[in-house]
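First the structure, in the form of structure tokens, and then the observations on it.
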Amino acid sequence: MFIALIGVDHKTLEWTQKYLQEVHGFILLQVCCDSQKEKTANDTKYFNSTATMIDYATERWQNNFVTPSLDSSSSVDFDLFLRRPFTLLVAVETTLANMMQNMQSIGHKNGHSFTINQFADFYDTTYKARRDKISQAHINIFNPYTNEQDYISLLHSVNLLDEQRLRPNWDTYFMELADLASQRSNCMKRRVGAVLTQDKRIVSTGYNGTPKGLTNCTQGGCPRCNNGVEQGFAECLCLHAEENALLEAGRTRIGDSAVLYCNTCPCLGCAIKIVQTGIKEVVYNQAYRVDDKTAQLFENATVSCFFTNFFTLIFTIYPLLTHLNLKRPTNNLMKQPPSDKSTTDDDSTQSSDEHDNPDDPDNKDDDSEATLSESEMVGEKRKRRSGSGSRSGSGRIVEEGIIYNHDIRFISFSFNPSIELVGAATKLGLTVTSDLTSSDLIIYESCQVELTQLSHPDNSVCQHWITDSAAANTTLPICLYNLNTSYDPNAFEDPALDIQPDSTSKYACWRTHPLVSPNEELVDALRVLKQDRIARDEKWNALAYTRALSMVKSFPHRIRSKDDILLSVPASDDEEDAASAASTYKHPRTPTKPVKNIGDKKIKAKIEEWLNYGRVYEAEKIRGSDMHSIYHSLYSIQGIGPKKAFELSRSGVRSVDELVDNGKITQDDATLAQHLNNSISRDEVERIANYVMGHARSLLAHPSYAICGGFRRAKPMSNDIDIIITQHGASVAQLNHFLVALTDSLQSTGFLTKLMRQVSLCVASNRRKEDHDYQSTMLGVVESSRKFGTSEGEHPQYRRLDVIVAKPASFHLEILSWTGSVMYERDLRSYVRRHKLKLNASSVYNDTTDEELDLSLVRSERHLLRVLRLPWIAPQYRNCD
DNA sequence: CGGCATACG
DNA sequence: CGTA
DNA sequence: GCCG
């Protein structure tokens, strides 16, 4: 792949280029004249012209290259560039404020400052010169951050290396053609296009409008459409795009494998015709809502109907989100419904005092005007819940927008731009989901006003997107509902109360860890050493490497010298401490203390080796050995852990196939292992979760749920699907029954193909002394097909699905427990142990008295962490392994 | 020199 | 011991 | 292997 970067802001361009080079190993190519060569780094290739550069890249087209356009003098000839099939044009932009600041900091370095007029001049000339190219880019990335680490997280979630952008798949190809066809529409109401294909060949195309020979609808040919009133369908003379495509093809040319691509979901009338002509597959653009009747008809007629993805979204969602007033309620939004005391018997009398935590900030009254009494909160909650039943159609559910509330964690969109959005949304502690029917749903009919009022200077695309959706009469593009407190939307979190993370802590749960480390090679080397220790059964040795690795990963910058990481941690304010550190390291002016978890003897030496030689010898040796790769392939099989994998590879087993031949495992096991090794796109995770929640909703009235695991940590790809479900007010018995019923329901449709474990709440076990409430889990394998958007193409894929049913009071603790990575979980528990608490996935105990703490007033994951005296770290920064 | 997360099958 |  |  060959990426050309275009943009105006130096810093954003530089960060992007650095990210591609350091994280993905791109090679930097530049067009420039000789005199410039000396100034820049040595691992760059220089060319006299775009043509020679492209020739160079063409010969090595399987490598990854990047070329920046940092200043107009060395700009690349993009037209030449775009002709090649392996090239990707990426535009990066930032806010005017950022750009101005970045230019000023450069100006300061050179000893002169910028006036705002000079900046405006620069912007006008540079931006206008590049505007056309920026709009032609394959991807437009908008960087709202001033901080590199945040931007890198966003970049990572964009998945720049996705080959699909270079060459669209068939679905995208035909859908784009359908969009093109819609441009020929002559209907006053809406542009619609359709493409009918057979064996990947186009049979016919269609767009909507009046029949041949009649005056075009746009010229007044259809009285109904030109009336402007949504009535009189019988009088409409327009043919729909789908009808036109079908008529054009004629019955005889529509075979068994015909696929119809529509850029909107077909109406019921068209659906009937589609079924009758024998078409078995309909693909529509996901930006539009499925018509319920159409969906039903297709299901009865076994026509598979699903939507496709596009990469046309522009990453400007962040400014949109930040412009929503997420901070404070305004008075006009705070019309409270009458409080409902009857539901608050137990809630209102309790406080968090019993956590033995007198300085718990929750005991202080919030000084904000937004503070609600418990009774009001419950009243509000009930009202909202009763509304959520009447979701579809009008969508006027919540008259007072929850949008003002801090505790909004879920944002849902009527279409599914997940990957593009999640990077931005998670920055706000928001999690993206596509479920529209969860309880406490807040759809923003009322929000429309707010959204359309957003006018960010860099935000024209968003505006467009909103107005388009409104014009197309689709569900409003944005609706918000609550994540962390699915069943208590009024939980109010004030960031001022948050405990701050500390990057020098020995506990991973106190530190933030980027999704992708700028020191990935070193992290990888440490991972190899860790794996090696595990294989050798050196458990504690392995743990030490895991800890060191996590420590390195919490370092947000590229480590350049050993002072960077081994000494540079600022000493504490404690003077004595600082003095002793100073004498130890003989740097009296810059007192430092050693980094935790990186010991003086072994691991520090490995890191220094990496710094000096760019590699760790022992890791290289292990990596290069046959044993290592065989060990890994065996390890990937369910039921074969480190011990067995090590034993087998040592006893001369060469491959997984050999195990199958020997009858040690079945072919099915091997295939399953292969399937489970494939990672799952966010999109697919969401669709599978939606499907599961569909079943859940037929069993529970208003389930609350969260997708956890790597998905919640904003990873672009997941290994499995983790869903936590609860229902406000449900008893343990009801939840137990629910889990069994859900399992049956998923099995009966053939979706759940293998059940690996089913545990219920309150199981009696001889290992447990008391009858505590434990989590209830269902671990299984499901068959994911094309309708879930499997990236592997036509064939069904097996995916691991974990469903956890939590009792309501443990919901947030369960979310916490299923969101952290392994190191986060470990350190969470060792930390609370030191504070005389004991933690498992569903309850908190006093470690000495074994008394269980009541979590029923815990309003969110964030709140829970505060109670545990731990900082709340946004999920995307919990990737510490 | 003890501790290092916790639980289920 | 393997897995979440 | 590292921390306290």
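Placement of Cβ uses the backbone N, Cα and C atoms for every residue, glycine included.
Keep in mind that TrEMBL annotations are predicted by a computer and have not been checked by a curator.
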Matching range for TrEMBL feature annotation, region 'Disordered', among A:98-117, A:578-597, A:638-657: A:578-597
Assigned conformation of A:K606 (active site, nucleophile) - DSSP reduced to three states: helix
Residues that sit under 8 angstroms from A:K606 (active site, nucleophile) by C-beta distance, when 6+ apart in the chain: A:A525, A:L526, A:L529, A:V616, A:E618, A:A619
Counts by DSSP class (helix H/G/I, strand E/B, coil) across the domain 'CMP/dCMP-type deaminase' (A:169-297): 51 helix, 25 strand, 53 coil
